[in-house]
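Report on the following structure.
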Amino acid sequence: MGNHSDGSSTSSSTVATAGQHDEGAFQDPGIPPHRPRLADKDPKAAKRAERQVAVLFIVSVIGTLVFLVTYFAIDLTNTSTTGTIGLQNMLLGIGTAFAMLGIGTGIVHWAKTLMPDHEVSEDRHALRTEEDRQAAVAIADTIIEESGIKRRPLIRNTLLGAVALAPLPALAVFGDLGPRPDDKLAHTMWAPQNGKLKRLTRDPDGTPIKASDVTIGSAFHVIPEGLNELESGKLNEKAKAVVLLMRLNPDELNPSKGRENWAYNGIVAYSKICTHVGCPVALYEQQTHHLLCPCHQSTFDLTHECAVIFGPASRPLPQLPISVDEEGYLVATSDFHEPVGPSYWERDEHERRLDS
Amino acid sequence: MSAVSTAEQSTYQAETKFGRFTDFVDQRVGGSGILKEFGRKVFPDHWSFMFGEVALYSFVILLMTGTFLTFFFDPSMAETHYHGSYSPLYNVEMSVAYNSSLNISFEVRGGLFMRQVHHWAALLFVASVSVHMLRVFFTGAFRKPRELNWVVGGVLIILAMAAGFTGYSLPDDLLSGNGLRIIDGVIKSIPVIGTWISFFLFGGEFPGTAIIGRLYVLHILLVPALILLMVAVHLFMVVVHKHTQYPGPGRNDRNVVGYPLGPVYAAKAGGFFFIVFGVIALMAGFFTINPIWNYGPYDPSPVSAGTQPDWYIGWVDGALRLMPGVIGAVDGYRQHFEFIIFGHVLTLNVLLPALVPAGIVFTVLFTYPWIERWITKDDREHHVLDRPRNAPTRTAIGVAGFIFYCVMWAAASSDLIATHFKVSLNDVTYWLRALFFIGPVLGFIVAKRVALALQRKDREIALHGRETGRIVRLPHGEFIEVHAPLNDYKRYRLVSFESPKPLPAQPNSHGVVDRKERRRAKFSTWFFEDRVAPITPAELEAAHAHGHHGEVESGEETKSLSH
Ligand code: HEM
Ligand code: FES
C-alpha cells in the first residue's frame, strides 16, 4: 500500500478498485435539510422582496408604454429614412424588452424569494407492468381473432396489395412539378440567331462593347445582347449566360489546339458561373491572372484556360469563343462548346453533343 | 340504473360565481383529475435543463412573429419595380417577394422589428436545440427508457435547420438567392436523378419563378406543423418518463426530486418565457440581422464576397469548401475528383462533402443510444444523469464529434479567418483540411484525459476535503494546507456514480462466444478500460486514519496511466 504521504500513486491500489460492489458504497444521506432563505426568517426581508417584485412588474408597464408611444409617435410615412427606422426599431426593442423582462424577472424573483422552496421527492413508476403487458396481449389477440385476419389470408393479401398500390397516384400527381430537363442546361443565349452573332454587352445596362474599350488589365461583366429585352425568363437566361471579359497580353494565353482563334487580340471571355456549384466567379486578380469564386474559393488560372488551381471545383470555366463584327464590337462566334455551371449526371453526354 | 349513476354524482354546490363557472367546466372535462395528476408533479431543477425551454420558447416566438409577417409578405416571383421609401433601390427591378420584404422593413410600422425578432429567434432556436442536444448527450440522458425521445430530438434538429433555411430563402435577396443556387448545384450532383430533382424543385431551370412560393408553403405550413407535432410527442414522452435528475443526496433511479410544478416550478418556467422574449427583443432592437436592403434583389451575376450563411448552415457549406476538386499541378500530374462513368458524370468533389460528413453526423446521432447499449449490455433504466467526467469515453466521443462539426463550421469562414489574421486563404484551407481528420482524434484524447483528471480530483476532494487555501505549520515544522472536510451530502454527490469495468465476452445461449460478441468485448474494453473508481467508505476511513493531509493513491486501473 505504500506511503500515503509521499504522493506517489501505486498501481497496486487493490483497495480502491476491488469491487465497488462487495465493499459497499456510501449510504445515501437523503435530501439535504432545507435551508431557510432570508425572506423565510425575516418578515422585513419578505416585505422588501415583495416590493422588488412589484417594481419589476411596473417596469414592464413602462416598457409597454414605451412601445406604444414609439409605435404611434414616430411617423414613417413622410420622414422615413433608414435613420428614423433604425431609431424606431431600437425603441420598439427596448420597449418590448422591458415589458417582457419586467414580467419575467418579476415572476422568477417572486418564485425564488417568496414561494416555498422545499425540495420534494416523488416515486417513479414502472412504465409498463407485467400485468398490463399480459392484459394488452390478451386484448390484441382478441382483436386479431375477431377480425379474422389470420384465418382469412385471401382478405389479408389482397388488402396488403391494395394498400401498397394506393399511394402510387399520390406520387404520380407530382409529375407536373417541373418540365423534363431535356438538354435545356446545355444551351445559352449566346447561340447565334438566324446567323446573326450576338454582341457582348455590359451588365447590367446592355450597351455593346468595342474591342478597343478593353484595355490590358481591365475586366468587364458581360451579358448577351437582347437579354434585357426578354419578356420572360430573364433571370433563367442570365443565370447561364453571364460572362467575364478580360484582356491579357496575348503571349500569356496558352490556347489549346482548336481554341487558337477563340480570343481576340488577347481578349478572352469565360463563363462566370462557377463549375463547382454555380456562384458567380467574379473576383479577378489582375497581377496573377486568377479568377476567384467568393463562395468556396475555387481559383481558376486565366493563363491556362481557366484550369482549377485551388478549391473544390473540378472543371475549368467554359470559354466563350469571341471575335469582332464589322463595326468593331465584340461578338460571340458561337455558343459555349460545353454546358456551363455545376456538373450534372447528363453533362458529359451534352458536352459530346455540343462539341461535335 | 339511473339511480346508480345519480348516486355517484357529487352534490357539491359552488358558492361564488367563479366557483360555479369552474365547477361547470370541471364536470364536463374532468379538470380535477388533471390538476390532481399534474398540479404538484415534481420537476428537478438545474441550469442545464434550461436549453430545452429556450428552444420551446423561441419556437413560440417564431410562431407569433412569423404569423405577423405572413400578413404582409407576398411570395410571388413576378417582376416589379421598387417604389418604396428606401431611395437607393428606387425603381430597381426586383421580385414581388423582395419588394414585400422591403415594405415590411420600411413601410410597415414595427415590421422591421418583427423581421428582426423572427430572425434572431430563429438563430436562437437552432442554437438552443443544439446545445440542448449536447446536454442530453454528455449527461447520458438518452439511455433507457429515453432512446426514442432522443430520436425525436434528432428529427427536431433537422426540422429546425429546414425551417431556418426555407425562411432564409424567402426574401429573395442577393444572399438568399445565392444560397439557393448552391443548393441547386449540390442537388444537380446527385447521380441519375439530380437534374430531375432540380427541375422539379425549381419548376424548371434555376431560378425559375416557382421556388419562393414552394418554399413558402414549406416554411409556414409543412415544417412548422411537423415541428409542432414532434414537440408534442417530445414533451409527452418527457411527462411519461418524468425528468431525469443529476446525482446527489436523496436522488436515485427510483425517485424524482425537485420542486412541485405549482407554484414554484411553473412560475420559474413561465417567467423564463418572458425573459427569453425580452432578451430576443433586445437583440432585435440593437443588432441588425439580415439587412436585405443592403444586398439588393437576387441577380445571378453580382459578387458577394465575405458573406455568410446563417450559422446552422455553415458546417455544410464549410464541408463543401474543404474538399479539393483537383490535386496536382496544372501542367503536371493531376487528379480530378469528377469522374465520367459510362458517359455519365459522378462529381465526387461535390457529392462527397455534401453527403458524407452530414451522413456520419446524423447516423451516429440517431444510432448512438443503441451503440452504447450494445457495448455496455446495459438494459437498466437510468433516471439519474451521469456527470460528463464520470463517463469519460462517452464524453470523449461527444467532444470528438463536436470538434468535427466545428472544423467544418470554421471552414465556412475560411476567407474571414484569412483576412482577419492576415494569412493566406489557401493555408487556412490546408490547415483546416488537416484538422478535419486530426481534430476529432485530438479532441477525443484530450477530453478523455481531462475527464479522468477531474475524476481524480473528485476523489481527492471526497477523501481529504476541500482545499481552503489556509496554510498552517505543524509542530514538527511541516507546512500543510488545511482541508475542510466535506459533509455527508456534498461527499455523496462525488461518490454516487458507477464506474463499470470492461465486460468480457459472454457465451450466447448455445454456450459459444461468437465473433460479434468478441468484437463487442473489445469495444467494451475500449470504452471502460480507463477508469477511476469512486471512493468507498473503507478508503475514506483509511484516509482519515492517516490524518487529514497527504494523498492517497488514486484508485484507478488503467492500461496506460501508470505513473
Ligand atoms: C419553426 C421555426 C422557424 C424558423 C427557424 C424560421 C426562420 C426564418 C428566417 C431565418 C427567415 C428570414 C427572415 C428575414 O431575415 O427576413 C424567415 C422569414 C419568414 N418567416 Fe419564418 N421561421 C420559422 C417559423 C415561421 C412560422 C411558423 C411562420 C408563419 C406562420 C413564419 C413566417 C415567415 C415569413 C412570412 C417570412 C418572410 C418575411 C420576410 O422575409 O420579410 N416563419 N423565417
Ligand atoms: S460555387 Fe464557386 S467555389 Fe463553390
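Yeah, the Cβs are placed from backbone N, Cα and C, and that goes for glycine too.
Model, not experiment: these values are computed from the prediction.
What TrEMBL says about this one:
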| type | residues | note |
| --- | --- | --- |
| DOMAIN | B:21-247 | domain 'Cytochrome b/b6 N-terminal region profile' |
| TRANSMEM | B:54-73 | transmembrane segment |
| TRANSMEM | B:117-138 | transmembrane segment |
| TRANSMEM | B:150-170 | transmembrane segment |
| TRANSMEM | B:182-203 | transmembrane segment |
| TRANSMEM | B:215-240 | transmembrane segment |
| TRANSMEM | B:269-290 | transmembrane segment |
| TRANSMEM | B:311-330 | transmembrane segment |
| TRANSMEM | B:350-371 | transmembrane segment |
| TRANSMEM | B:391-410 | transmembrane segment |
| TRANSMEM | B:430-447 | transmembrane segment |
| REGION | B:543-563 | region 'Disordered' |
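In summary, the transmembrane segment (B:391-410) lies against the transmembrane segment (B:117-138): three or more C-beta pairs, each 6 or more positions apart in sequence, are under 8 Å.
As a quick check, the transmembrane segment (B:311-330) and the transmembrane segment (B:350-371) clear the bar of 3 or more Cβ pairs under 8 A, pairs 6 or more apart, so the two touch. Across the candidate stretches B:54-73, B:117-138, B:215-240, the maximum count of CB pairs under 8 A to the transmembrane segment (B:269-290) is reached by B:117-138.
Sequence-distant contacts of the transmembrane segment (B:430-447) (same chain, six or more residues past either end, CB-CB distance under 8 Å): 318, 322, 324, 392, 395-404, 406-408, 410-411, 414.
The transmembrane segment (B:350-371) shares the most Cβ pairs under 8 Å with B:150-170, out of the stretches B:54-73, B:150-170, B:215-240.
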